[in-house]
Amino acid sequence: MANVTVIGAQWGDEGKGKLVDWLSNRADVVVRFQGGHNAGHTLVVGNQTYKLSLLPSGVVQGKLSIIGNGVVVDPWHLLKEIETLGAQGVSIGPDLLVLADNACLILPLHRDLDQAREAAATNKIGTTGRGIGPAYEDKVGRRAIRVADLHDREALEAKIDRLLAHHTPLRRGLGLPEYDGPALLAELEALAPKILPYARPAWLMLDEIVKAGSRVLFEGAQGALLDVDHGTYPYVTSSNTVAGQAAAGSGLGPKGPGYVLGIVKAYTTRVGEGPFPTELNDEVGQHLGTVGREFGTVTGRSRRCGWFDAALVRQSVALNGIAGIALTKLDVLDGLPTLKICTGYRLGDREIGYLPAGLKAQRELAPVYEEMEGWSETTQGARSWKDLPANAVKYVRRIEELIGAPVALLSTSPQRDDTILMRDPFQD
């Protein structure tokens with residue numbers, strides 16, 4: 001199978017960056033297909049640490065990297081990220097990076113709106129305040145400015161006028177000053193020669209790449225449980241994060257995603273607000289957060305931590321068509337005498353094995369746990385199955401049984417090479 005799609009199978013922060021970086025050795029092209037610069041990836045290569053939030057992880061490997069049409073792009077942030085990587089010795093030019101010419105732009109007015117709404121809200125969603133949601137609103141409302149619009153000053157000016165006709169009343173209602181249209185036009189005109197060299201019809205490139213027999217790695221951002229349709233709505237992101245979006249967000253078509261690899265932590269974390277059935281507000285939760293270094297790459301916020309939720313991951317396996325999972329951060333569980341796995345939930349007087357759609361029901365769920373004996377030995381840095389303690393192997397096998405998908409890869413540290421390969425997704 002030529003293509004692999006990597007998605008987070010929980011609430012994000014599962015370790016996708018490291019796995020995409022590791023898998024990109026086997027790929028020819030890496031593609032981002034949704035989200036914006038609201039979800040960060042941390043890559044550790046030797047003694048160098050790279051923090052990305054918009055660029056595909058493949059750029060660090062020198063692989064052709066494509067930002068697809070499903071991504072909303074802050075062009076100023078993109079240039080800053082390119083500059084930062086350049087200072088770390090990774091040179092990125094149009095020969096290495098392609099930006100879909102039909103991708104929509106995040107503008108400063110989107111950030112303003114995002115932050116003002118969150119500040120005014122009684123029930124906060126926990127947005128990063130980077131303008132992703134408002135940018136998607138304008139995309140769906142057919143008033144967004146797209147990369148290709150930077151070619152045409154006259155059309156760009158008209159589009160800005162139309163955009164401000166919508167945003168001005170919103171800004172007024174939130175106590176924000178009117179946005180300066182001519183100033184925005186001048187900013188975008190100055191930006192155009194820096195961005196347009198990267199702009200190309202990504203769908204056409206991908207069609208040619210696949211026909212030539214090259215391997216494509218699709219890189220998802222965030223996690224399936226933050227999907228705008230299938231996640232814990234309204235505590236979700238503003239895009240579809242499930243594997244099916246790889247086709248729509250790249251333009252390659254429904255056969256494009258290929259093998260779907262779900263990235264799953266050996267426990268559960270979540271950033272921001274929203275239901276979290278297995279959350280631990282005790283010493284074990286603190287242990288997971290401290291040992292796992294559970295702080296957001298983009299926001300620096302502490303992540304909420306809890307036991308592994310097999311019911312949620314099982315649901316994610318079904319929603320995404322996951323063929324195999326990559327289990328990460330197993331080493332964080334080292335030394336815990338007892339481990340728990342959530343196998344389902346109690347809701348009132350009945351037991352269910354899935355997360356219901358209603359927010360009220362989600363908040364009333366009581367997890368049903370299965371206990372397992374932990375291990376005292378270290379798993380950190382293990383690079384083969386035989387290096388794992390017997391109880392760690394039992395834990396992994398039980399997860400496979402409960403979620404209905406095999407473990408294809410096992411990550412035992414942030415280092416790229418501390419990865420146990422059970423089956424190669426590109427060969428499956």
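Just so it is clear, glycine is given a Cβ too, placed from its N, Cα and C backbone atoms.
Just so it is clear, the model here is predicted, and its values are computed rather than measured.
Cβ neighbour count for G12 (GTP binding site) (all protein chains, 10 Å cutoff from its Cβ): 27. Annotation source Swiss-Prot lists GTP binding site at 12-18, 40-42, R303, 329-331, 411-413.
In the three-state DSSP assignment, the secondary structure recorded for D13 (active site, proton acceptor) is coil. Here Swiss-Prot flags D13 as active site, proton acceptor.
What Swiss-Prot records for D13, E14, G15, K16, N38, A39, G40, H41, T128, R142, Q222, T237, R301 is IMP binding site, and it gives sequence analysis as the kind of evidence. Taking Cβ-Cβ distances under 8 Å and a sequence gap of 6 or more within the same chain, the neighbours of G15 (GTP binding site) are I263, K265, A326, T328, K329, S411, P414.
Taken residue by residue with DSSP, G40 (IMP binding site) is part of neither helix nor strand, so it is coil. Residues or ranges marked as Mg(2+) binding site in Swiss-Prot (evidence: sequence analysis): D13, G40.
The active site, proton donor annotation in Swiss-Prot covers H41.
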Pairwise CA distance, T42 (GTP binding site) versus T128 (IMP binding site), rounded so that it is a whole Å: 17
D13, K18, L330, T412 screened against G40 (IMP binding site), Cα within 10 Å - retained recorded positions: D13
Largest inter-residue Cα distance among D13, E14, G15, K16, N38, A39, G40, H41, T128, R142, Q222, T237, R301 [record-listed IMP binders, Å]: 34
Among G12, K18, T412, which are recorded as binding-site residues, the nearest neighbour of Q222 (IMP binding site) by Cα: G12
Alpha-carbon spacing, N38 (IMP binding site) to T412 (GTP binding site), which is rounded to whole Å: 26
Euclidean distance between Cα atoms of D13 (active site, proton acceptor) and L330 (GTP binding site), Å: 14
